[in-house]
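**Student:** Under the heading ATP binding site, Swiss-Prot lists G7, P8, P9, G10, S11, G12, K13, T14, S15, citing sequence analysis as support.
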Amino acid sequence: MIIIISGPPGSGKTSVAIKLANELSYKFISAGKIFRDIAQKMGLDIINLNKVAESNFDIDKMVDKKIFEFILSEKNLIIESHIAGWLFREYTNIAIYLWAPLKIRANRIAIRDKISYDQAISQIIKREYMHYKRFNKFYGIDINDLSVFDLVINTSNVDVNNIVKLILTYLSLVSQNPQPLKEKDINDK
């Protein structure tokens, strides 16, 4: 089974994806890590690489290619990515979107990155604006359209362990009814 975990910065997607991969003994791949590795090789931070990526689609294509290689080669995979839910949905089994209000995400990032809350807010707003513009320009994706996701979870009041339990419960329910209902079946009920 291939599962995508998407969401904005600070939503908990990396923590949840790692824990879920461990629980299921699945391989874990992070688009964020691939992107950070590219930034490091180029001597840039994330914000500046995002700025470069606004005009250089090759950066995103490198990340996408790497993820797609994993999709083709792995049977059991957790993909953590901002946009994989939109890009690779047809090649995966389940797509999950995690989110939380801006203030909560900023607080998480401030603690994680040891920066001020104001710096975290500024960083998130810049990144999200750049993502929105870039993903719309290069992919035609509206990151506010969550209709491609099977499950959307507000992570603000739930810890990582319980989010993973919720996802595992969902996966169990889905595996009991793997075939989607046909329109005729819905109308007959």
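Yeah, the Cβs are placed from backbone N, Cα and C, and that goes for glycine too.
A description of the local structural setting of each listed feature is requested, covering burial, neighbours and distances.
**Tutor:** Reduced to three states, the DSSP call for G7 (ATP binding site) is coil.
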**Student:** According to DSSP, does K13 (ATP binding site) sit in a helix, a strand, or coil?
**Tutor:** helix
**Student:** Give me the long-range Cβ neighbours of P9 (ATP binding site): same chain, 6+ apart, Cβ under 8 Å, in sequence order.
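**Tutor:** Non-local contacts for P9 (ATP binding site): R105, I109, Q123, I124, R127, E128.
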**Student:** When the number of other CB atoms within 10 A of each residue's CB is tallied over all shown chains, which of the binding-site residues S11, S15 has the maximum?
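**Tutor:** Neighbour-count leader: S11.
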**Student:** To test your reading of the ATP site: which residues beyond G7, P8, P9, G10, S11, G12, K13, T14, S15, same chain only, put their Cβ within 8 Å of the Cβ centroid of those residues?
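**Tutor:** Here the non-site neighbours turn out to be V16, L98, A100, R105, R108, T155.
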